[in-house]
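Notes follow once the structure below has been shown.
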Amino acid sequence: MYNQVQIGVDYYPEHWDESLWETDIRLMKQTGVKVVRVAEFAWSRLEPTDGDFQLAWLDRVIDLFHQYGIQVVIGTPTATPPRWLTTNYSDVLPVFADGRIFHPGVRGHRCYNSPSLREYGSRITRKLGQHYSAHPAVIGWQTDNEFSMIDCHCENCNDAFRNWVKEKYESLEVVNREWGTVVWSGEYSAWNELTVPLGGSPHQNPSFLLDFQRFQWDAVVVFQKSQIDILRSTCPRHFITHNFHSYPQRLDLYAVSAELDVAAFDYYPNTSPLKQETTPYSGALSLDLTRGIKRRNFWIMEQLSGSPGCWMPMWRAPYPGFIRAYAWQTIARGADTVVHFRWRSAVAGAEQYWHGLIDHSNVPGRRFAEFSQLCSEVNALGGRLEGTTLNNEVAILHSYEQLAALHIQPQAEGMDYYENIKQYHRAITKLGMGCDVIEWKQPLDGYKVIIAPSLYLLDEETACRLEDFAAAGGTLIITNRSGVKNMNNIGVMQPLPGLLSHAAGVRVDEYDPIGSEMHTVVDAEGQTYTCSQWSDLLTPTTAEPIAWYGDDFYAGIPAVTVNVFGQGEVYYLGTHVEESYWSVLLTNMAEKHKLMHFAGLPDGVQASVRTGESGTFLFLLNLDRKPQTVQLARDYNSLLSGTLRSGQLALEPYGVEILEM
Amino acid sequence: MYNQVQIGVDYYPEHWDESLWETDIRLMKQTGVKVVRVAEFAWSRLEPTDGDFQLAWLDRVIDLFHQYGIQVVIGTPTATPPRWLTTNYSDVLPVFADGRIFHPGVRGHRCYNSPSLREYGSRITRKLGQHYSAHPAVIGWQTDNEFSMIDCHCENCNDAFRNWVKEKYESLEVVNREWGTVVWSGEYSAWNELTVPLGGSPHQNPSFLLDFQRFQWDAVVVFQKSQIDILRSTCPRHFITHNFHSYPQRLDLYAVSAELDVAAFDYYPNTSPLKQETTPYSGALSLDLTRGIKRRNFWIMEQLSGSPGCWMPMWRAPYPGFIRAYAWQTIARGADTVVHFRWRSAVAGAEQYWHGLIDHSNVPGRRFAEFSQLCSEVNALGGRLEGTTLNNEVAILHSYEQLAALHIQPQAEGMDYYENIKQYHRAITKLGMGCDVIEWKQPLDGYKVIIAPSLYLLDEETACRLEDFAAAGGTLIITNRSGVKNMNNIGVMQPLPGLLSHAAGVRVDEYDPIGSEMHTVVDAEGQTYTCSQWSDLLTPTTAEPIAWYGDDFYAGIPAVTVNVFGQGEVYYLGTHVEESYWSVLLTNMAEKHKLMHFAGLPDGVQASVRTGESGTFLFLLNLDRKPQTVQLARDYNSLLSGTLRSGQLALEPYGVEILEM
Amino acid sequence: MYNQVQIGVDYYPEHWDESLWETDIRLMKQTGVKVVRVAEFAWSRLEPTDGDFQLAWLDRVIDLFHQYGIQVVIGTPTATPPRWLTTNYSDVLPVFADGRIFHPGVRGHRCYNSPSLREYGSRITRKLGQHYSAHPAVIGWQTDNEFSMIDCHCENCNDAFRNWVKEKYESLEVVNREWGTVVWSGEYSAWNELTVPLGGSPHQNPSFLLDFQRFQWDAVVVFQKSQIDILRSTCPRHFITHNFHSYPQRLDLYAVSAELDVAAFDYYPNTSPLKQETTPYSGALSLDLTRGIKRRNFWIMEQLSGSPGCWMPMWRAPYPGFIRAYAWQTIARGADTVVHFRWRSAVAGAEQYWHGLIDHSNVPGRRFAEFSQLCSEVNALGGRLEGTTLNNEVAILHSYEQLAALHIQPQAEGMDYYENIKQYHRAITKLGMGCDVIEWKQPLDGYKVIIAPSLYLLDEETACRLEDFAAAGGTLIITNRSGVKNMNNIGVMQPLPGLLSHAAGVRVDEYDPIGSEMHTVVDAEGQTYTCSQWSDLLTPTTAEPIAWYGDDFYAGIPAVTVNVFGQGEVYYLGTHVEESYWSVLLTNMAEKHKLMHFAGLPDGVQASVRTGESGTFLFLLNLDRKPQTVQLARDYNSLLSGTLRSGQLALEPYGVEILEM
């Protein structure tokens, strides 16, 4: 239902005169567009006033899509409550910490705990579900749009938070103990003293703040579930997804996705030539993260089609080939359907300069021609690619709880959980090695190497799972700031790395938050690498040191160790070492574990492999403005050209090659 | 009545012990001061409590001025509502978007739509008008002080804005259509849903935001008109002006000046040696803009007399000659009366360090001596200069609507409507060419060259007027980001430059918002120039290309074109080219159109010409800390020295020469 | 009672399981800890709900301390009102200028003028005072914790401010005159118009703003006095102190300390190697300022024991020796008891990463070993050092009123009252010269040199006192921005330096706020020095010029003068000259006045001398990561080693030497 490899577009019929509809849809059909997303911001057209539902116009446009053989995904419109709703039911609008109201104007002006939003949002969702359940063009639903954290401080949120805390801890005695509120006389003596974090100071009890984040995640989950339940019952044959946007996010995408059929991502790689060295890699990480959400293929619900702009100066125009190459990158990393945002640039409203495939002039130009080529290619190869996916032997563990906790209490200048993951993932990607990025609580079966960055919060279950992984022969890499806290963000009274001390075979005697200052480590070969952020001063208990500090009062003290643990081994990195150290480390592991990788990739060129019953396909993408050459190990059949490729494969700027392995 | 060429001072009798008044006024008289401005902040002295009018002290001081032959301009004191008014009538105080109140403390704490301000402001204006209508010393009025945008969000403003929208669009159907509110479900279903832009997000519907600016402009116009009507009826023989401050402003100074007799400007050129290269040119633009407001000579109501300071660190002390030279610059560019701010530095209040001609010590020093010299010179030459003005053949079109629309939606990093105008004006001024800067809707008769930067919003009337200008033999220069929107800030569904496509003879196939990155263009002579901000990729339809892009994927594509149109020609600049390109372009036009200019001016030296029945006078001003030399084409009589000047004219630092042509 | 030279720790029994108490206290005893501070944030444990006093747990821990011979200082817990208090009595919470409430979460959420805070704070203080008055372990009290300015804008503050103004000025006529409110119609016509400074603009009447600062100082004084009165009556044998934090502060520490027995300071020297050149000197100034508060020895109530962190990235780990050396620095400059913050790092709450002597692991490490050494040394030498103090011949005058006034109206870019004092003090400290820093209104007996920076506000009494000091043979150094204002922040109508003109024998004809631009002065030897911030153009009346400006339009005009005045002399520095000029100036004075100093100290090494009946002791401290050598003039007995030191004394990094003179 949702695993066709195909191209779609986001279309806003309500923005255009009805006379344009059929012309637009006919051109979509001719171009090879297979699916559209509609209606996710159209509440004021679907229900112009309270209870006055107007679905006829949407019927007409969906009928037209059906007539032209294009499938439809409908978005529930709750991200943009209409003015009659926000004016008459003020509980819909979120409240900032300082009491200011988040007024309508842009999207997202809605409190997830608002009873009115729940009631009216459910009503329109039910209306749409019932109405389109049987329409032959409709295949699925997007809930709301781009969920994100709002940090609402209204009374409904206060009540909901109190209830959430009651349910978790049962009594204030437990709350006071588990949060350590005694510090600075923060103990609660009655439930009404407990509120969401109000203004005055961002420096509050970190246990309280972490639970407030969790509460907010749950609020989104509950809000979305009210729509999912309706759609499941009204449209049992349809799939349900949600379009997440950008990483890192403060929202826990894993929790929010638990009940979805498929994850979707809105992908806007930066077009600037100044970002050319980083964009392909941070983009690859975003796609691997999205594939990791449900641990299977995903959708792109909005794919860059022109220069974004509006609430910022416009970005650079996409270079020739950019749009096509980045669309292929998403498929190479597990996207099936790629929906492009948007068909045509808006002529009205706050998003006029978020450019679509076609400009305001409605004259298709260079970008549209490139999109047409993409549609043809994907339509030609979609059948072969359908059912294929990525099978990787390396995984990075990723956690929104760690992200939140490390955001609440910054550790050292320049130390950033997500940026560190970026570095590890970039080193892996440059080696042409496939990598999953998965939720830290997931089973680890099938992996040979696990990188677990800063397991700052830690419980026994996870520590045991990681020990089991290593004991069974896996290679586990852990880093400084692991085992620091229990899951309530309370410091652990034992030497670091706490619950991982046994597995790592080291003891942290002391640490130095070196921050942005550059220090050095020296490995056993005498090679010197820069390090920064943090220095754990290590005493190996059962581990062997493999790198030592090169300076400061702890020169000569172990900085990196490896511990043989059962059939496997555990690396401990006491400091943040530069990327090239990771390349050496990972290359050694690749040899040891016979990990599939692609040595000698030029910078900017990415390799990835999709496998399935229909075959195994190697994607080679030059995400760079310069031509590049890749050395092929043998002859391959090129899916795009149908010809044989061998030896030096030339890739033009933003060139794409797909080889059958 | 207001066209004497003379010097005045701003005087605050209420700040000083009455015993000082006659001493001060006697010294003014001796120094050659001809006019004073008084009372614009004295409401709490003129009406200490509600209805208790106390004008006797002002009578005494105005009588003294009369006794010494000095004329008086009175300011209505509404920019500083007294505390009894703001305490008892809270509607006087503006409200910020987040609900905070703009409390008294500084000036300008008043909502233009406040009924209480209207009522009490009118009452004190009428009182003053009736009382001084017949006083022989009083010649005119300044309304309020330095109007500017406040962005008030009170309920009165909500009501006034709703009425303004109703009057403009009549029904919500039309509002929804003309603003394109359907985007993001922003449609209004009832009038009470419509408010001024409230907090939460600055990213709102751009059509709504542009009309909100226009509404605010009208609010100032209406507020001021309530005073003008009173003053016209009570003081029919007096003139009325207003003192604007600084450019660029968000307020539409053209609209606010429509009913004034003469425009006035508060001129504070930056004294810093670090700003020496830019201050003379941005200052010249400010003066040309002010002359353009009413398209005739103007007043300076506040002229720099010492180091400004107070709510910022103090500026540098004015260099010897600085005060005199910049006063002469205002006259050279069309000022008649130049009122200096202020007689003596305040010893109390928030403006203590905005230095006057005389320091806190009350001992006249170096600056006062320079001012005395200026008074003598102006008094000696005033008679010859009276009735003369500037007659220019080049004009730049300037628009507060474009400024607002381009502020609401930033186009590209580093792209700034006003900064671009500064560059064009500086290139013109460095060529010793006179230039008018006029409202974009003004008639264009008499000009040979019109520069129309970024006519982003455009209607048919203006497009036709510009076509007519070119067809009749004029040279029209237009730039990228023209013809993008209709007057409601809605995108136009046709290729750019939209309504100017015919005149320009080009089609924009695509654009690239290059922002602050430096790119290049190459002209027909093979000369390379840097460009930035924006790249329109041009296809000439009837035009000829005269410069081409030098790099990126569009190297070789036309960047600048010229189109023969009727008897004239239309230049289209698809990118923002550096100043030296403009110099070449303008020099060519100067030769072609035989434009009056002054070739070979050293940097920092400015030339301008006032003409009238009494003669034609060339002003040469060295606005620089270094001595400079200017080559004279023939012998001239120097008005200042009475001697003949010829050959190499030496100008000392901040030296001034006035030659009879 | 409070003049033992000894080491203490800050301990939070309420943070730890009671089972840890005796282990902790036994280790303190073994280590040589003599005193602890407790309970200053424990209100919610001492009074969990309104009126339910729970002192038994504190009894138990204090009994334990007594059992181990450790003395106790108790903090009143009013800096952290408990949640039942802030929830039920909202007047406790301060209100920001924009109406937002300062909610609980961190400490300090209390309005000093809150009646409820006064009532409940007095009640718990009385309870504690009565309860511990006779306890043999308890020796003294700390009021509240780290008082600072809050700028509360609640109605109670409005009322209190009105009463304060009424008491000072009696009538609104006087207020209007003394504040000069006539400017911008700010005159008050009724008392209800007078409020604390509300939002809208920071640019308000400077006389009003200065009095608002004074009002706030008095509010803290009055609030603290309510506790002092209770403690004096309940605990007549105990001393009372308060722990101030950081300089410069907006709070007037002199006023707040008037009724205290001893001043205390929380000292956190920056551990960063990047701050190594400035930290020892700004730290020395902080300590000299603290000694100046009561003009006698003082306590350190919180001394750095590990890396601070929490609401900022963590600082670097203290270098080996850092903790010990900086503790000795406090003693060298007049600290008697040095209490270290804190025994063990917190595992819960917002201050988890403000590291204590022992880490979260509860395993004493490198820092604890260093602390043990310190305890042993101080316990060995404490008897000899008890009763000794510093006797200096040079003093810098310091004023919170100048600081406030110069903050309200910034004079020139880069000009900062406190930073300038830092420069003068650093020059003195580098010469090995002792220096007092005292309140500007203090008697000057006993000093030979007085540096009085920027006496911007000035009254006749102070001017006379300074004249008397010089006339009697003292050397007085004054600087630009002196004598500018009267004590109400109103400009003085006479040439600068106003009331100091006679003493200085100069007249400021004009000034130039040069700000951050670098200019030059040349002295009589032809040596050129850079200067910045400000240039007074001086005409000596009776003084002699000793340095002249080197550039700009006033090149050659006097910049620095000296005036023989009675038996002494008065230096006037019209500009801010670089530090090396001060070194020359001070070296000359040292020779002339035979001032005790220590020539040839390497950078980072500090010398100071404590004298008393038990002897005279020279402290030599290397506050640097590099070893240093100091040339001794003769043989000395080393107190620390008991051996003789002579010739080249080697000081290792952070090395300490104490020599008997």
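Glycine is treated like the rest: Cβ placed from N, Cα and C.
A quick note: this is a predicted structure, and the numbers were derived from the prediction, not measured.
Of the residues B:Arg100, B:Arg107, B:Arg110, B:Arg344, TrEMBL puts just one in the substrate site with B:Asn145, B:Trp311: B:Arg107. Filtering the recorded positions B:Arg107, B:Asn145, B:Glu146, B:Glu302, B:Trp311 for a Cβ under 8 angstroms from any Cβ of chain C leaves B:Arg107, B:Trp311, in order along the sequence. The two recorded residues, B:Glu302 (active site, nucleophile) and B:Glu146 (active site, proton donor), show a Cα separation of 11 Å. Between the active-site residues B:Glu146, B:Glu302, B:Glu302 has the most other Cβ atoms inside 10 Å of its own Cβ, all protein chains included. Sequence-distant contacts of B:Asn145 (substrate binding site), defined as residues of its own chain at least six apart whose C-beta falls under 8 angstroms from its C-beta, comprise B:Glu40, B:Phe41, B:Gly75, B:Ala79, B:Thr80, B:Arg107, B:Asn243. In this view, the densest Cβ surroundings among the binding-site residues B:Arg107, B:Trp311 belong to B:Arg107, judged by other Cβ atoms lying within 10 Å. A gap of 17 Å separates the Cα atoms of B:Glu146 (active site, proton donor) and B:Trp311 (substrate binding site). Mean predicted confidence for the domain 'Beta-galactosidase C-terminal' (B:604-661): the pLDDT average there is 96. The substrate site in the record is lined by B:Arg107, B:Asn145, B:Trp311, and its two most distant CA atoms lie 18 Å apart. The secondary structure of B:Glu302 (active site, nucleophile), as reduced to three states from DSSP, is extended strand. For the domain 'Beta-galactosidase C-terminal' (B:604-661), the DSSP-based tally of helix, strand and coil residues reads 0 helix, 34 strand, 24 coil.
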